[in-house]
Amino acid sequence: MLVVLVRLRLETRPGFPNLNWHCLDVQLKPRADAAEVEHFPCNKWIKTADGDVELRSNRVCLPKGETLQILREHRARELQTKQQLIKWSTFAEGSIRCIDMTSSQSLGPNLSYTRQSPGTNLNYLRGFTDRAEPWSSLEELGILFIHNGKDNAVARYVQAHWRDDAFFGYQCLNGCNPLQIRQIHSLPTNLPVTSEMLRDFLPVGSSLEQELERGAIFLLDYEILDQLPANVINGKQTYLAAPLCLLHYNQHGQLKPIAIQLQRTAGPQNPLFLPSDPEPDWLLAKMWVRNSDFQVHQLLSHFLRTHMIGEVCCVATLRRLPEIHPLHQLLMPHLKTCLQINIQARTALLAPNGVFDKAIGCGLKAAPLLLARGTHQLRYTSMCVPDDLKERGLDKLANCYYAQDALRVWNALHRFVVSWVNLYYCSDQDIQQDCELQSWIQEIFTEGLLSFTHTGFPQSFQTTAELSKFVTMVIFSCSALHAAVNFSQVDFNLWIPNCPAVMSRPPPEVKGSVTEEELLSFLPDINSTCSVLTILLLLSQPAADYVLLCHYREQYFRSGDVCKLVETVQKELRAIAEDITKRNSKMELPYPYLSPNNIENSVAI
């Protein structure tokens, strides 16, 4: 007799508590004296409300491999059940969509989890909750820094060098937001700089035109923040800018800012700041750029490009790929934490009285608009590391360590995914005929990404190469990219003047309007400063029970050809980690967070 399905039911019994039961698997012997045992994997919590839970014997199977009608029907029933539970919703109009749940409890035990916290002590910062007043001096701010950053070597370096032009540029390449900087070969039309203005900041005998042609000019452009409504914090209006910052990559391998314009439209009340200006003017201009970068980093580089992209793919995977599908098996370890984390972010951080409401310049009015703009500007190529680095002109910069490390990790993941895809798809025709796979990518594009064709995201897969690239992008975004933009936040932001979350005074309209002492008055109040640092400390702490990239706990990855692929990619990642550690040990500058020793399998808070 062939057994293809096993049904389980959890029933209450008098005198016993009605508790969930975690079932790893069911093992079945065809005869009592048989040596072979057939496994029916489960690895989930079962509730009395579930009724019959059906388990099947085969671990992975494409739709074309189903030869029995009963198994085809089981496959369809599973997706119908998931689609009734998992539905789409909109958090910010015009932005990437999300799951239709407002409480993580609604996820149930199999889509939620409990992380073991490393136990960061936040009592000191929380003691400033009622201090709705400006900082009295840099010395007072320094005391806060010492209490929180005395053991953080990177943060101490940032405090010592935040004024330096070379370090300002270095952060654009290797800080917590390495996704904004790009090479340009022509100037923006609204940035009226001339070669004569910049002569002292360029190589002797060269010109701005020559440096543009040589590929030595880079741009930070925060147009996406233009005209967004700034937050009101502690009853006081705060301010946002949309700066343009021109940078030069010099012969010493240093990227330095050479011109900053704080608003979009050039004119007498929008001065062009240069390194030769009085030091307070130039430093304030750089602070404005860093403030703008904070807004873009938090909502777009971090939340949109890792958390929300992961959520879209997770929702589509649950709705369109049965658990028996090999792509479901591969992706869920990287996606499964997205739902709970993102629900918590929307109901706490991005809700009334949350940190964005109480402490960040881009508050609750601006945040949905910025997410919508970010979604509209998102491009598939910008999510794929080789394409992104080449488009932004970072692929050949000697000291862009993010680019070097990201490319190595991407290539290792891509080789792993290509080999994995080839295990299950023998030809491009197999890809085209997998109705579940095509339904999955179509759901991601139409429901999750709002059918924005200009973004370049695929609507279908025609080849194994297309599938491999997309799956690599998903895994990289939820693991390595998240590590790069998340775990270094406190290091670069702990010294508040380096990356203020709020600017309490408007951008200057003339030069020479501020003194060194007045720079402090632009920074956020004490309580909002501490609120931001509290959240960043929580976000940047890896959990005590995190899983390293490509280290899987699921049984699927421990046997057969899949196990060999996992061992190969783990070996590659260990070699990359050793190389990065060796390089970083020789560096004085803060190093990027892309060592595989720091990368979790999935996004995490």
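Just so you know, glycine gets a Cβ as well, placed from its N, Cα and C.
Residues or ranges marked as Fe cation binding site by TrEMBL: H302, H307, H482, I605. Per TrEMBL, the feature domain 'PLAT' maps to 1-60. If you look up TrEMBL, you'll see 61-605 marked as domain 'Lipoxygenase'. What TrEMBL lists as site 'Essential for stabilizing binding to COTL1' is W45.
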Nearest of the binding-site residues (H302, H307, H482) to W45 (site 'Essential for stabilizing binding to COTL1') - Cα to Cα: H307
CB within-chain contacts under 8 A for H307 (Fe cation binding site), separation at least 6: C338, I341, N342, A345, H482, V603
Predicted model, mean pLDDT over the domain 'PLAT' (1-60): 84
